[in-house]
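If you check TrEMBL, you get these features:
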BINDING   THR10, GLY11, SER12, ILE13, GLY36, ARG37, ASN38, ASN120, GLU122, GLY201  NADPH binding site
BINDING   LYS121, SER147, GLU148, SER172, HIS195, SER208, ASN213, LYS214, GLU217  1-deoxy-D-xylulose 5-phosphate binding site
BINDING   ASP146, GLU148, GLU217  Mn(2+) binding site
DOMAIN    4-128  domain '1-deoxy-D-xylulose 5-phosphate reductoisomerase N-terminal'
DOMAIN    142-225  domain '1-deoxy-D-xylulose 5-phosphate reductoisomerase C-terminal'
DOMAIN    257-374  domain 'DXP reductoisomerase C-terminal'
Amino acid sequence: MKKIALLGATGSIGQQTVDVVNMHQNEFQLVSISVGRNINEARKIIKACSPRFVSVLHKEDRDMLQLEFPHVTFAYGHEGLIEAAIYEEADIVVNAVLGSVGLEPTLEAIKRGKPIALANKETLVTAGHLVMEAARKYNVPILPVDSEHSAIYQCLQGQDEKAIERLILTASGGSFRDKTRKQLEGVTVKEALNHPNWSMGAKITIDSATMMNKGLEVIEAYWLFGLPYDKIEVVLHKESIIHSMVEFQDTSVIAQLGTPDMRAPIQYALTYPNRLELPNAKRLQLWEVGKLHFSQMDYSRFRCLAFAFEAGKQGGTMPTVLNAANEEAVTAFLDGHISFLQIENMIETAMNRHDVMQNPCLSTIKEVDLEARQFVRSLITKRG
Ligand SMILES: NC(=O)C1=CN([C@@H]2O[C@H](COP(=O)(O)OP(=O)(O)OC[C@H]3O[C@@H](n4cnc5c(N)ncnc54)[C@H](OP(=O)(O)O)[C@@H]3O)[C@@H](O)[C@H]2O)C=CC1
Ligand SMILES: CC(=O)[C@@H](O)[C@H](O)COP(=O)(O)O
Ligand SMILES: [Mn+2]
């Protein structure tokens, strides 16, 4: 029985992780969870899975739930999130929280020797060097949950990693893949949230539409697989059937395919190196899919991807700025304060004014993250 600490249990990945746990009750048990504001969903998970430890965002919610569930230990806030991650009984942490708030719980869990099944890509973007250094020091595996990275991880099993020529990440193109930049000027939040292939949380769906999701994934791949940026490529593949590929020096390319269902990579991270059946999942029938399409990335159309490569290559604190500015700008877009194209303008402005510091420690990362957020918020306030 693998005992799981699940951060972000009420989210899209969180709830699919709960599904996987419920489908394999002889294999997995949820012992600790964190949630944010969604207390109704938290209640359902507590009733269905009986975790022993629950952290929520706000103290009032903690107080209310503690009365309802006296046998559960509750906590709240950032400290609570960390406590959920390091819960003693947990054998593995699934980090499905949203944003760079996931960094410290990850680092603390690694320090206690807990393997990390990582969906929370912002953690690797903002401080990949700290996470990978800690993982090496404490000999802890970081198991990718993100579909592209899970695909690459699967393609690399049993392969000679010294012989990798390049990683090829596939990108669906998101909600606006067929629109010109001119047409992007008037797009709405509702349109942006309509991803063609995946049902995901709001922030990543917007990231997918700006192509920042792929940018974050390029930096995530850099840290997970240790290849230089000129060996990481992105190809447009609108069907999201090939989840990513690895090319080797002998020109062979290995790809991982599947229907777009995040429960598969979540489950693989939990069962690795073994596999289990995935009940109720749609099997891939290539004749139903028909043609698969691929095209080269246009970096002037998808500017956020170019920003991410630039931030990654500059290194140091620049990816922290990229990520923090993006998180704030996407929130502002979702709240109706800025237009779609202003997301990328704000990220570009935040990056342009930043002087990179190399090899930042955790407190520098936190300062730079906060400063970039405050700067983007000030841009938004000025507009208002
Ligand atoms: N959704 C997907 O298919 C994929 C997601 N990912 C990555 O996984 C991560 C989660 O994405 P997704 O599930 O879509 O996101 P959601 O927005 O659906 O869920 C986010 C979760 O994090 C919680 N949360 C948000 N902010 C805070 C905070 N400040 N403190 C504590 N908890 C918080 C939310 O709580 P609550 O809702 O209770 O407020 C919720 O449980 C992201 O990094 C994303 O990029 C990667 C690949 C695919
Ligand atoms: C499911 C998943 O991993 C997402 O990151 C997904 O890949 C988004 O797709 P695009 O960013 O390619 O639109
Ligand atoms: Mn992905």
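Cβ atoms are placed via backbone N, Cα and C, with glycine included.
Less than 6 Å separates the Cβ from ligand 2 in the case of ASP146, ASN213, drawn from the binding-site residues GLY36, ASN38, GLU122, ASP146, ASN213 in sequence order. Residues THR10, GLY11, SER12, ILE13, GLY36, ARG37, ASN38, ASN120, GLU122, GLY201 are the ones the record ties to NADPH, and the longest Cα gap between any two of them is 21 Å.
Taking THR10, ASN38, LYS121, ASP146, GLU148, GLU217 as the candidate binding-site residues, the subset whose CB lies under 6 angstroms from any atom of ligand 1 consists of THR10, ASN38, LYS121, ASP146. According to DSSP, the secondary structure content of the domain '1-deoxy-D-xylulose 5-phosphate reductoisomerase C-terminal' (142-225) in residues is 44 helix, 11 strand, 29 coil.
Here 1-deoxy-D-xylulose 5-phosphate is bound by LYS121, SER147, GLU148, SER172, HIS195, SER208, ASN213, LYS214, GLU217 per the record. The longest Cα to Cα distance in that group is 19 Å. Mean model confidence of the domain '1-deoxy-D-xylulose 5-phosphate reductoisomerase C-terminal' (142-225) amounts to 97 (pLDDT, 0 to 100 scale).
The binding-site residues under consideration are LYS121, HIS195. Their Cβ neighbour counts within 10 Å are lowest for HIS195. Checked against ligand 3, the binding-site residues ASN38, LYS121, GLU122, ASP146, GLU148 give ASP146, GLU148 as the ones with a Cβ under 6 Å from it, listed in sequence order.
Listed in sequence order, LEU169, THR170, GLU217, ALA221, HIS243, SER244 are the same-chain residues six or more apart from GLU148 (1-deoxy-D-xylulose 5-phosphate binding site) with CB atoms under 8 A from its CB.
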